[in-house]
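Visitor: Pasting a structure below so you can have a look.
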Amino acid sequence: MPTTAVEAKIAPSMLSSDFANLASEAERMVSFGADWLHMDIMIIDTVDFYLWHFVPNLTIGAPVIASLRKHTKAYLDCHLMVTNPLDYVDQLGKAGASGFTFHVEVSKDNWQEVVKEIKLKGMRPGVALKPGTPIEDVYPLLEGENPVEMVLVMTVEPGFGGQKFIPDMMNKVRTLREKYPKLDIEVDGGLGPSTIDEAAAAGANCIVAGSSVFGDPEPARVISLLRTSVNKCLKPNFI
Ligand code: DX5
Ligand code: ZN
């Protein structure tokens, strides 16, 4: 397990940014105090000659990450909502992604290979789970020689920004935090000033926030509020 201290990481979700001005939006968020930039990658994959998608939406892929990387040194926290993450490890590594988080629902058979490849390409591996997936499903990925370094607990159904936070997901966060005091636990979906205290109290330390940050006239104030709430809950025993 990771031994470094658990820190607050505030990650504005660029899904809510103006994609036509991605570089300046990224720069703006970093200047407002963002630690990470959350990049939602949704693509149609080919599986056994059929076209599939993991979520009913399309966003960006490796070419956009590569373009953005030319304009920022920020940590690019990539969330892969795809059916076959292994297909994208190489290209995202080359594009300059920092974190590579794949979904456990599509990786039960090959997660070990996926994690190994992610590390080989110089990225940090994370695993995500949908609201309907039990927390126990990620336990195997946190044990053994090659564990993931972050768990992303989805607090909405993946696919779109601007949805309502599902409070029941906090049971998963609490269970995970009790079992893994030093793990990076990320929450994604519906996070903002009205939901952050609940997520922070449950033990989340990496906070993705799209519409609440980009939709506010003072994004810097929202980022700072999210950070303060997480810092208040980081117990000394997490460090
Ligand atoms: C949804 C994405 C989220 C989304 C969050 O599938 O994973 O990252 O951008 O947006 P908000 O914060 O608006 O719920
Ligand atoms: Zn996301």
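For all residues, glycine too, the Cβ spot is worked out from N, Cα and C.
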Visitor: TrEMBL has H38, D40, H79 binding divalent metal cation. Which one of D188, D197, D216 is in the same site?
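Guide: That divalent metal cation site, as TrEMBL gives it, pairs H38, D40, H79 with D188.
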Visitor: Given a 10 Å Cβ-Cβ cut-off, pick out the one of the binding-site residues D40, D188 that has the most other Cβ atoms nearby.
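Guide: Answer by Cβ density within 10 Å: D188.
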Visitor: Centre the Cβ atoms of S13, H79, G159, F160, G161, G162, G190, G210, S211, go out 8 Å, and tell me which other residues of that chain have a Cβ in range of the substrate site.
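Guide: For the substrate site, the extra neighbours are L15, S16, D40, V156, Q163, D188, G189.
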Visitor: How big is the substrate site in terms of the longest C-alpha to C-alpha distance among S13, H79, G159, F160, G161, G162, G190, G210, S211, in angstrom?
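Guide: That value is 17 Å for the farthest Cα pair.
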Visitor: Could you measure between G159 (substrate binding site) and H38 (divalent metal cation binding site) for me? Cα positions, answer in whole angstrom.
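Guide: Their Cα atoms are separated by 14 Å.
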